[in-house]
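Participant: Pasting a structure below so you can have a look.
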């Protein structure tokens, strides 16, 4: 089966420079890679690699003047020797480009697609193939598939040259020199020549017979004379067709007729050239007469079609001497082809052997150059001496240059016949792959399926590989490489097609690492043997331009391949300075004889052998003592000391198991493992010695069981006594740096590698359950709401709500008790408190994410986590804040539900409870009595008998955010009781602004002296809800009798706003919505007092007279104080003279009573002087 992609040597290889970290190393040994590079093998050593027996055949195509070679490399010796081609008579320049082996008998087919030879100075390319037996020592067969014999096609060519007068002698001579040059260069070919000069007439200078007799161009044209007349081109062409191409003049009936016309001007005659329709006509126009497009088009009528191929315009005669090279190409097309198809090749450039494959002794080779590079493949006979060509059917123009046969690969089957896939990577620039059915009983090949590429220039079909995944003899997968595919910064793609009943169908694809747009992933694809021991074939894909090259390993799986590589090997990992690593790959043999598969990888001037490592599985066992952890030993207890609790002993055992049955060597694995306690928890429940949560150890493991003991203890307090303690084990292979990988140095101790599965194990140590003899705890939970602490929820800016819940466990221990509380979105959870018992029973709540804010919110509480013991009861208080802006109804409904992990479904009836709390909306009403209310009224016998009074009230209603719930309001106006007796009567009415009708209601209440302001009647008035309302209580007071005695009493009115108190409440208390006006009424009694006034006047006059007489008698009216004071003003400095003193003394004697105070003053002054 074909093992790797074939690449044309001329294809340029470009490398990109990108960085990518190495992939995991499963399971090829990179560090133990062995390199082979024989001296003088050339840079293309490693172009193809093929494992045969216990060695590797390496192809080294030639470069420059060197020839290609085959080398046989032995892994045991480390040397490569060239393969001797005994009996070969050919020089193989590109031997080693193609290698294939037959998996049934190990025979080897090596081909050189560049066997070249010259035929009439034209180069033919075909193939040269050698068939070897497995040991390369047996008889060798050689063959030349697609070999095309040099069949000389007969061509009779006539030069028809212009001899008109417009030609100068030197120009005419250059035409003759051109004809001589052509004849000399084609002298040893199957061409015959004749020459005719034309002007007004026509002259045969020499015919075909003359040329056969004497093939000397100089002698044949020695006596030519320039005619110097007109240019009758039409007549000249007809003359050649009828008079020159004649058998009696040497023309051959089987020869192709060719006419080359050389002229410097337009025709001077007219007509047609129907006689020359079977002649291939080239016309060469020379000179200044053909500078315009119109003049050039006059030549088209003389030439064959298409004119672009058969008309040539030259501006000077000097360019005639350089025209032969172009003319030779056109002549080459003619020679050896049929007259019906003058522009195609058959097998002349077949390059047969560019690809090859062998299966069940049946060999095929690709022939990309056949049929004008439409391509195809050759079915070789057993002796390689005969072949059958199979190509595109039908052979249409669009299949040309498709390169069918660039790759070929057998797709074996358990049936008698198999399929063959052949790639055409350049078909319509998209590429395609054709599937052919092998002929049965000497029949014909048949095309059964076509698979098309999808991206221009991707070289889809540039590499093919069939894969028998389960090794049952039936090819399940066809891998098609597109190494130039580009997408997502990845260069190259491999498409996976799976076999169906009617053909192959695309199922997936493989990709290389990103960052290598020119990496050519898929340049080489090969089906490896089972290298990882799972019984399925693995696949290697080369990407030679990812950095210095890379090889990807894809493991087989049932029904296909793993989409992710198990290993990516970079060339620099195996050898410094390597280039094109991964250009070819083959890995189906055990070269070392150790039972492990080896993979050969080609690079530039290198061949690398990578050994696979034995794949092992790790068997682990773990045991504990005690098997269950006693709860009473580790549970939280506040009466015990802080001493460490008893621990658990662990025994862990390891043993390796080989997954490669044929490997018989000794297995020793250096294992690194980690033990971890409760690794998924932040708070661990077990500690290794030293307070650590994990242990790391190394151990050498063999195929025998190895065991180790450990122990761990518990912290002071373990709260979670339900979930088992997890003991996790993680392990991996550990290799010391510098560990030798040379198996010859290590003997049979080849370092194994673990199977790429989850390298971890987890065990659980359960806690002992105190649930009776059946070891099964059955809880019975009950939840109920206690009488609400808040009888109603009053919606204010800072309102809160508290509810109480009672939770009980009536049966055995309950595990992971969870209390869920659903409440409306207007409430916001604040906190939870444990009311009773006052012990360390943990409770924690968290609000769950809202599923829909329009429905409800939920609270989840863990109670006594993790165990709620049997017979326990708790009382919880849940406190909520209110979100005033929320939408509220008439009540708040809270629903509680309690669950646990071990309650029977038949006991869930009392696990739910619901409470409903009414909602009261706030009303902000303020009532004030006005200053202009009548507060005092007085009645007198002579005063007005009727008084009009007013009691004024102002009602302010503040807007609320709950205006959607506006209550029905009513103003209740109380007026005084009607008098039962007395002279004063009163009547009352109510007016409101805005006006509303009021209903009068008599309370029929008797007057009560102790409660004088109790209303005797009520006015009930509906209130229009607005911010300000004015209420006037108007009264008429009338004096209807005589005032017999004075009195004073009070008349009171009142105003209050009433509403439905079951839905609303006063925001600032009921007093704010109540006002009262108290008015004092004064009744004054007046008696008849005229005679009393007369007698009082007379008595007053008599008293005044008596006072006057008394004053007169005492001399009050005779005093001369005025004169004395005026006399005193005449004394200087205010000091009386001596005469004055005497006068004063006399006066004092006459008026002792009036002057005594003055004398006392003087005596005091005098005394002061003494």
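Placed from the backbone N, Cα and C atoms, the Cβ positions cover glycine too.
Residues or ranges marked as Ca(2+) 1 binding site in Swiss-Prot (evidence: similarity to another entry): 468, 470, 472, 476. Residues or ranges marked as Ca(2+) 2 binding site in Swiss-Prot (evidence: similarity to another entry): 530, 532, 534, 538. The N-linked glycosylation site annotation in Swiss-Prot covers 65, 89, 188, 649, 670, 726, 730, 862, 885, 897, 1060, 1071. As annotated by Swiss-Prot, phosphoserine applies to 1165. The region 'Disordered' feature in Swiss-Prot is assigned to 1128-1170. If you look up Swiss-Prot, you'll see 338-389 marked as repeat 'FG-GAP 3', on the strength of sequence analysis. As annotated by Swiss-Prot, repeat 'FG-GAP 7' applies to 567-627, with the evidence given as sequence analysis.
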Participant: Determine how many residues of the repeat 'FG-GAP 3' (338-389) DSSP places in helix, in strand and in coil.
Facilitator: 4 helix, 19 strand, 29 coil
Participant: Other than 530, 532, 534, 538, which residues of the chain come within 8 Å of the Ca(2+) 2 site, judged by Cβ distance to the Cβ centroid of those residues?
Facilitator: 531, 533, 535, 536, 537, 555, 556
Participant: Please work out the mean pLDDT for the residues of the repeat 'FG-GAP 7' (567-627).
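Facilitator: Reported value for the repeat 'FG-GAP 7' (567-627) is a mean pLDDT of 94.
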Participant: Taking the Cβ of residue 534 (Ca(2+) 2 binding site) as the centre, count every other Cβ atom within 10 Å, in any protein chain shown.
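Facilitator: Summing over all protein chains shown, residue 534 (Ca(2+) 2 binding site) has 15 other Cβ atoms within 10 Å.
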Participant: When the Cα-Cα distance from residue 670 (N-linked glycosylation site) is computed for each of the binding-site residues 470, 476, 532, 534, 538, which gives the smallest value?
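Facilitator: When the Cα distances are compared, 532 comes out closest.
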Participant: For residue 470 (Ca(2+) 1 binding site), just give me the three-state DSSP call.
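Facilitator: It is coil.
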Participant: Residues other than 468, 470, 472, 476 within 8 Å, Cβ to Cβ centroid, of the Ca(2+) 1 site?
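Facilitator: Other same-chain residues near the Ca(2+) 1 site: 467, 469, 471, 473, 474, 475, 537.
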Participant: Taking DSSP as the reference, which of helix, strand or coil describes residue 534 (Ca(2+) 2 binding site)?
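Facilitator: Residue 534 (Ca(2+) 2 binding site) sits in coil per DSSP, no helix or strand.
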Participant: In the repeat 'FG-GAP 7' (567-627), how many residues does DSSP call helix, how many strand, and how many coil?
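Facilitator: In the repeat 'FG-GAP 7' (567-627), the DSSP-based counts are 4 helix, 35 strand, 22 coil.
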Participant: Compile a sequence-ordered list of residues in the same chain as residue 538 (Ca(2+) 2 binding site), six or more apart from it, whose Cβ lies below 8 A from its Cβ; state 'none' when nothing qualifies.
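Facilitator: Within the chain, residue 538 (Ca(2+) 2 binding site) has Cβ neighbours under 8 Å at 527, 528, 529, 530, 531, 532, 553, 554, 555, 556.
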Participant: Once the chains shown are all counted, how many other Cβ atoms turn up within 10 Å of the Cβ of residue 897 (N-linked glycosylation site)?
Facilitator: 17
Participant: Counting distance between Cα atoms, which of the recorded positions 65, 534, 726 is nearest residue 1071 (N-linked glycosylation site)?
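Facilitator: Closest by Cα distance to residue 1071 (N-linked glycosylation site) among the recorded positions 65, 534, 726: 726.
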Participant: Under 8 Å Cβ-Cβ from residue 1060 (N-linked glycosylation site), six or more apart in the same chain: what's there?
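Facilitator: Set apart from residue 1060 (N-linked glycosylation site) by at least 6 residues yet with Cβ under 8 Å, we have 967, 968.
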Participant: Helix, strand or coil at residue 897 (N-linked glycosylation site), per DSSP?
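Facilitator: Looking at the DSSP assignment, residue 897 (N-linked glycosylation site) belongs to a strand.
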Participant: Starting from the Cβ of residue 89 (N-linked glycosylation site), draw a 10 Å sphere and report how many other Cβ atoms land inside it.
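Facilitator: Neighbour count, Cβ to Cβ under the 10 Å cut-off: 6.
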Participant: Counting across all protein chains present, how many other Cβ atoms fall within 10 Å of the Cβ of residue 472 (Ca(2+) 1 binding site)?
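Facilitator: Excluding its own Cβ, residue 472 (Ca(2+) 1 binding site) sees 9 Cβ atoms within 10 Å.
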Participant: Return the residues near residue 470 (Ca(2+) 1 binding site), defined as same-chain residues 6+ apart in sequence whose C-beta is under 8 angstroms from its C-beta, sorted by sequence, else 'none'.
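Facilitator: Set apart from residue 470 (Ca(2+) 1 binding site) by at least 6 residues yet with Cβ under 8 Å, we have 476, 535, 536, 537, 558.
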Participant: Cα distance, residue 89 (N-linked glycosylation site) to residue 65 (N-linked glycosylation site), nearest Å?
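Facilitator: Per the Cα atoms, residue 65 (N-linked glycosylation site) and residue 89 (N-linked glycosylation site) stand 18 Å apart.
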Participant: Compare the Cα of residue 468 (Ca(2+) 1 binding site) against each of the glycosylation sites 89, 649, 730 and report the nearest.
Facilitator: 730
Participant: If I take the alpha carbons of residue 89 (N-linked glycosylation site) and residue 730 (N-linked glycosylation site), what is the distance between them in whole Å?
Facilitator: 65
